[in-house]
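Asker: Here you go, one structure.
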Amino acid sequence: MQPDSYPKILFGLTLLLVITAVISLGIGRYSLSVPQIGQILWAKATALEIDPVQQQVIFQVRLPRILTALCVGAGLALSGVVLQGIFRNPLVNPHIIGVTSGSAFGGTLAIFFGFSLYGLFTSTILFGFGTLALVFLFSFKFNQRSLLMLILIGMILSGLFSALVSLLQYISDTEEKLPSIVFWLMGSFATSNWEKLLFFFVPFLLCSSILLSLSWRLNLLSLDEKEAKALGVKMAPLRWLVIFLSGSLVACQVAISGSIGWVGLIIPHLSRMLVGANHQSLLPCTMLVGATYMLLVDNVARSLSDAEIPISILTALIGAPLFGVLVYKLKRGGMNE
């Protein structure tokens with residue numbers, strides 16, 4: 001990437017995101033044209049009278065859903081790219097540390113016992129952070145410097161919680177509880193509102209701000225530990241901080257929209273093709289690409305058929321072939337990340 005091309009790429013991605021978001025306001029059963037959307041937004045900004053139906057559709061249904069999709073997409077993509085950086089492995093994604101499965105079990109447990117919305121949030125977050133604590137505990141117990149051990153612990157916990165989720169599904173009431181559990185696990189923004197958006201936006205803003213401020217340090221994680229230490233950077237604390245922040249993003253995401261896969265794996269690869277591997281430019285680019293991608297997927301989910309398609313189905317259908325194409329191009333170009 002040429003040094004002067006990064007601002008242009010960033011501006012182009014930002015413009016694409018804004019255009020996609022505006023068009024998304026008009027997509028749905030109650031369709032609106034771009035001029036109509038502009039008139040409604042202008043009327044809202046200038047306190048003019050707005051059609052009650054249009055106001056309800058735009059500001060109470062679609063706008064919080066769009067903003068939630070943007071934040072979730074940016075958060076998952078950011079989590080994926082920083083984890084790939086600290087593990088020095090392009091195949092790592094947020095699921096690898098077990099937080100997704102732990103949070104999913106917490107949410108499934110809440111639905112199984114009929115908890116309220118706040119109970120669902122609390123259970124999901126507690127099990128997500130509990131899983132993260134177990135990863136830290138076992139990693140320190142065995143070998144805190146071994147990245148392989150950390151991955152193995154995450155995989156073990158992920159498998160355990162996935163089995164527990166399956167057990168709860170097996171014993172759930174097939175008339176009421178099971179459909180709710182299955183739909184929630186597949187991921188959706190159908191129930192998005194301002195309350196859920198605020199619940200996710202606060203930790204998203206905090207975690208993403210810290211990770212962006214650490215972007216130059218993330219470049220040092222590609223160095224040997226002795227070389228990084230010579231430069232005055234302590235690898236272990238930085239690595240644990242990044243894992244904690246990434247896990248926090250994932251746990252909060254699962255709480256509001258269920259389990260969504262492939263985003264944290266695919267988007268970092270697409271972003272590297274645009275701006276390279278320097279985390280100072282890669283992180284903002286990845287967040288913009290992730291936000292736009294998630295918004296496009298959600299548009300397809302709510303407009304392709306009368307019944308809304310779960311997000312995780314679409315991300316897998318798009319992500320798996322796309323990842324195959326990326327791997328083929330990397331191999332053909334002789335690249336080896």
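Placed from the backbone N, Cα and C atoms, the Cβ positions cover glycine too.
Note that the structure is a prediction, hence the values are computed from the model and not measured.
Pasting the feature list from Swiss-Prot:
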- 1-5: topological domain 'Cytoplasmic' (TOPO_DOM)
- 6-25: transmembrane segment (TRANSMEM)
- 26-51: topological domain 'Periplasmic' (TOPO_DOM)
- 52-87: transmembrane segment (TRANSMEM)
- 88-98: topological domain 'Cytoplasmic' (TOPO_DOM)
- 99-113: transmembrane segment (TRANSMEM)
- 117-140: transmembrane segment (TRANSMEM)
- 141-146: topological domain 'Cytoplasmic' (TOPO_DOM)
- 147-171: transmembrane segment (TRANSMEM)
- 172-193: topological domain 'Periplasmic' (TOPO_DOM)
- 194-214: transmembrane segment (TRANSMEM)
- 215-234: topological domain 'Cytoplasmic' (TOPO_DOM)
- 235-257: transmembrane segment (TRANSMEM)
- 258-264: topological domain 'Periplasmic' (TOPO_DOM)
- 265-275: transmembrane segment (TRANSMEM)
- 279-304: transmembrane segment (TRANSMEM)
- 305-310: topological domain 'Periplasmic' (TOPO_DOM)
- 311-329: transmembrane segment (TRANSMEM)
- 330-337: topological domain 'Cytoplasmic' (TOPO_DOM)
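How buried are the listed features, and what sits near them?
Answerer: Taking H, G and I as helix, E and B as strand and the rest as coil, DSSP gives the topological domain 'Periplasmic' (26-51) the counts 12 helix, 0 strand, 14 coil.
Counting residues 6+ beyond its ends, the topological domain 'Cytoplasmic' (88-98) has Cβ neighbours under 8 Å at 76, 79-80, 131-132, 134-135, 147, 150-151, 153-158, 161, 221-222, 243, 246-247, 249-250, 261-262, 264-265, 268-269, 337 in the same chain.
Away from its own ends, the transmembrane segment (99-113) comes close to residues 119-120, 122-128, 130-132, 135, 157-162, 164-165, 168-169, 172, 177, 180-181, 184-185, 247, 250-251, 254-255, 258-259, 261 of its chain (Cβ-Cβ under 8 Å, at least six residues beyond either end).
Sequence-distant contacts of the transmembrane segment (117-140) (same chain, six or more residues past either end, CB-CB distance under 8 Å): 97-99, 101-107, 109-111, 146, 149-150, 153-154, 157, 161, 199, 240, 243-244, 247-248, 250-252, 254-256.
Taking the topological domain 'Periplasmic' (172-193) as a whole, pLDDT averages 92 in the prediction.
If you look at the transmembrane segment (194-214), the same-chain residues 6 or more away from its ends with a CB under 8 A from one of its CBs are 60, 64, 67-68, 71-72, 74-75, 78, 82, 121, 238, 241-242, 245-246, 248-249, 252-253, 255-256, 283-284, 287.
Cβ atoms under 8 Å from those of the transmembrane segment (265-275) belong to residues 1, 6, 9, 73, 76-77, 80-81, 84, 90-93, 281-282, 285-286, 289-290, 293, 319, 322-323, 326, 337 of the same chain, restricted to positions at least 6 beyond its ends.
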Asker: Cβ pairs under 8 Å with the transmembrane segment (52-87): which stretch of 6-25, 235-257, 311-329 has the most?
Answerer: 235-257
Asker: Mind checking which residues of the chain, 6+ beyond the ends of the topological domain 'Periplasmic' (26-51), have their Cβ under 8 Å from one of its Cβ atoms?
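Answerer: For the topological domain 'Periplasmic' (26-51), the nonlocal Cβ contacts are 57-59, 62, 299, 302-303.
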